[in-house]
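Each remark here refers to the structure printed beneath this line.
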Amino acid sequence: MEGAKDARGERTARRRVCSCSKDDFLPEESFRSWGNYWGALKETPARLRDRLLTRSLETTELHEVRARSQHEMKRTLMWWDLIWFGIGAVIGAGIFVLTGLQTKEHAGPAIVLSFVVSGVSAMLSVFCYTEFAVEIPVAGGSFAYLRVELGDFMAFVAAGNIILEYLIGGAAVARSWTSYFATLLNHKPEDFLIKAHGLADGYNELDPIAVCICGIVCVFAVLSTKGSSRLNYIASIVHILVIVFIIVAGLTKADTANYTPFTPFNSRGIFKASAVLFFAYVGFDAVSTMAEETKNPARDIPIGLIGSMVMTSIAYCSMVITLCLMQPYYQIDTHAPFSVAFKAVGMDWAKYIVAFGALEGMTTALLTGAVGLARYVTHIARTHMMPPWFAKVNEKTGTPVNATVVMLSATAVIAFFTKMDILADLLSISTLFIFMLVAVALLVRRYYVNGVTKPADRNKLIVCLSLMVGSSIATATYWGLSEHGWVGYVITVPIWFLATVALRVLVPQARKPKLWGVPLVPWLPSASIAINIFLLGSINRASFERFGLWTGFLLLYYYFFGLHASYDTAKESGETKGKDGLEWKKVEEGNVSSTTNAGPGSEASAIPST
């Protein structure tokens, strides 16, 4: 009987693994019936207040939330793996494709300054990410960091933009892969695209090859993290060798006359290009999502993140200097600039090496992006802001198969339809917004600890942060609207500076980093806030409209589903039996309160931290 019972249980478990049910997507109490759901909707104001005021605890993210994936991710990575993950994630379509368009139409030879500005912004964000990744080493990356410091609602808004960032970034890389593949086969970059005249402009050049490369990458991403890492750093080493070849061989054909004029589009063009070229640095945050699979996060994460960013920045600046010395900026090709440049200087054979290196770089960027996105989605789903089906980790491979397959499928669909320039602008908005939030979260982490920070110091912190963000937005807005004015900067920049000074002098730090910390706090995080917001001011209006539509969709989803699912999950995870009914453990700093026999129709409120 026992054997038969065990066999039946094993068969049941196998069926649950191999099939999906409603409980895999909406298992929470609020979705058990239409009556429960209606009751949950009526409680929306109270639940929203709770989620706005609730901050997750580090221990909750590190243990309880992670346990919802059923199986642990395998700790197999070291700093060496992370450096190559970072290089593989970052060096891709940004340098090999967007460089041509931005050099020719916006920056000219001063494109190197655009990369410097973007690189400084990215490096400031790297410092902020590193402190969080060392102290909260989970797969959720910036989503988990924001949930701990800024609360559930802001974390959800960031989560939606994280997903958008990676989907669009992956699609852009896949589209670029097709362009360089065409040049490798002696075709024009656009030859393999299919024109669909019935579709809207910008979405009517179909790319089936991008879909195929997404499918191939998906296979590697789901099989093994360590296997993906090995493939990545082997490919990245070859990729670095090709970059060295581009620089050395290109400089043999250098003509300094091509550097005149250096700034044909003035400073506005430099910053416009910088905002778009920030795309070239996107991907380093994928390294922070690998913290859960890293053997020694305190040592390996800082080395991996900072090391990969330094190497990438040097490579980028060297490559664009070489490109602009090889050709006049107005002759640079906008699809495959490096391949065409070598052809233009009489080194036609070199374009094959360049195209091969570009393809390798973009393949590793797509692979590491897919690995990073899957881990973001896994952790988001652990909180039930997304269906928990996405949080499942495969027992055999130790990878989040569901999240990987679905996200890469979405990437393939976007890549099939959408042109590169649309993808690049929208990606930069999403990324800069997230990096700004992470810098704000770091300041909150250093200067506010519940029960330690005095109310007066908390209020000073709120005022200083508001002035920092507000003055940065005003500076960016003035830059975007006024082409020749300067009076506005005389007002906004000093406000930012004085707000940072006030935070440094008037508010004592409530927490010191345990293992690794950002230097020069609050100056570096404050500078990160300012520069990220400033770059947003150089992005076109159409991209902001698309960003607004996406944000509107996120808020609707949160109102009808994400809010109630995450509320129920937080309530259930803190449930303990008491003499007088149910009580909630303080697993989050904003308590979820309840009455006896609480259900979807009962009163619930959040107790704010003071």
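Start at 1 and count along the chain as shown; that gives each residue its number.
Every residue gets a Cβ built from N, Cα and C, even glycine.
Quick caveat, the model's predicted, so the values are computed rather than measured.
According to TrEMBL, the feature domain 'Cationic amino acid transporter C-terminal' maps to 516-566. When pLDDT is averaged over the domain 'Cationic amino acid transporter C-terminal' (516-566), the result is 89.
What TrEMBL records for 587-610 is region 'Disordered'.
Remote same-chain partners of the transmembrane segment (77-98), defined as residues 6 or more beyond its termini with a Cβ less than 8 Å from a stretch Cβ, comprise 172-173, 175-177, 179-180, 225-226, 229, 232-233, 235-237, 239-240, 243, 276-277, 279-284, 286-287, 290, 293-296, 299-301, 303-305, 307-309, 311-312, 315-316, 319-320, 335-338, 358, 361-362, 364-369, 371-372, 420, 424. Positions annotated as transmembrane segment by TrEMBL: 77-98 (among others).
The annotation transmembrane segment is assigned in TrEMBL to 110-132 (among others).
Same-chain residues lying 6+ beyond the ends of the transmembrane segment (153-174) with a Cβ under 8 Å from its Cβ atoms: 48, 51-52, 56, 92-93, 97, 141-144, 146-147, 207, 210-211, 213-214, 279, 282-283, 362, 365-366, 369-370, 372-373, 376-377, 380, 385-386, 407-408, 410-412, 414-415, 418, 420, 423-424, 426-427, 430-431, 433-434, 437, 550-551, 554, 557-558, 562, 566. What TrEMBL records for 153-174 (among others) is transmembrane segment.
Sequence annotations record features per position, and here TrEMBL assigns transmembrane segment to 208-224 (among others).
Residues or ranges marked as transmembrane segment by TrEMBL: 231-250 (among others). Under 8 Å from some Cβ of the transmembrane segment (231-250) lie the Cβ atoms of residues 80-81, 84-85, 87-88, 91, 220, 315, 318-319, 322-323, 325-326, 338, 341-342, 347, 350, 353-354, 356-358, 360-361, 363-364, 367-368, all in the same chain and six or more residues away from its ends.
Per TrEMBL, transmembrane segment is recorded for 270-291 (among others).
The transmembrane segment annotation in TrEMBL covers 303-329 (among others).
Residues or ranges marked as transmembrane segment by TrEMBL: 349-377 (among others).
Taken from TrEMBL, the feature transmembrane segment covers 398-417 (among others).
Under the heading transmembrane segment, TrEMBL lists 429-449 (among others). Under 8 Å from some Cβ of the transmembrane segment (429-449) lie the Cβ atoms of residues 121, 124-125, 128-129, 131-132, 142, 145-146, 148-150, 154, 158, 161-162, 164-165, 168, 275, 278-279, 282, 285, 457-458, 461, 465, 469, 503, 507-511, 518, 521-522, 525-526, 528-529, 532-533, 535-536, 539, 543-544, 547, all in the same chain and six or more residues away from its ends.
What TrEMBL lists as transmembrane segment is 461-480 (among others). Packing against the transmembrane segment (461-480) from elsewhere in the chain are residues 271, 436, 440, 443-444, 447-448, 453, 488-489, 491-493, 495-496, 498-500, 502-503, 506-507, 526, 529-530, 533-538: each is 6 or more residues past its ends and has a CB under 8 Å from a CB in it.
Among residues of the same chain six or more beyond the transmembrane segment (486-503), those with a C-beta under 8 A of the stretch's C-beta atoms are 443, 447, 460-461, 463-465, 467-468, 470-472, 474-475, 478, 522-523, 526, 530. Residues or ranges marked as transmembrane segment by TrEMBL: 486-503 (among others).
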Within-chain partners of the transmembrane segment (208-224) [C-beta distance under 8 Å, separation at least 6 from its ends]: 170-171, 174-175, 177-178, 181, 192, 194, 231, 363, 366-367, 370-371, 374, 394, 397-399, 401, 404-405, 408-409, 411-413, 415-416
Criterion met for the transmembrane segment (303-329) and the transmembrane segment (110-132) (at least three Cβ pairs under 8 Å): yes
Same-chain residue ranges lying at least 6 outside the transmembrane segment (398-417) that approach it to Cβ under 8 Å: 69, 71-74, 163, 166-168, 170-172, 174-175, 199, 203-204, 206-208, 210-211, 214-215, 217-218, 221-225, 370-371, 373-375, 377-378, 381, 389-392, 423
Same-chain residues near the transmembrane segment (270-291), Cβ under 8 Å, at least 6 residues beyond its ends: 77, 81-82, 85-86, 89-90, 92-95, 98-99, 102-103, 106-107, 110-111, 113-115, 117-119, 121-122, 125-126, 129-130, 132-134, 136-142, 165, 169, 172, 225, 263, 297, 301, 304-305, 308-309, 312, 316, 365, 368-369, 371-373, 375-376, 379, 424-425, 427-428, 431-432, 434, 479, 534-539
Non-local residues, at least 6 beyond the ends, that sit with Cβ under 8 Å of the transmembrane segment (110-132): 99, 102-103, 141-142, 145, 262-263, 265, 269-271, 273-275, 277-278, 280-281, 284-285, 288, 301-302, 305-306, 309, 313, 316-317, 320-321, 324, 329, 432, 435, 438-439, 441-442, 445, 513, 516-519, 524-525, 527-528, 531-532, 535
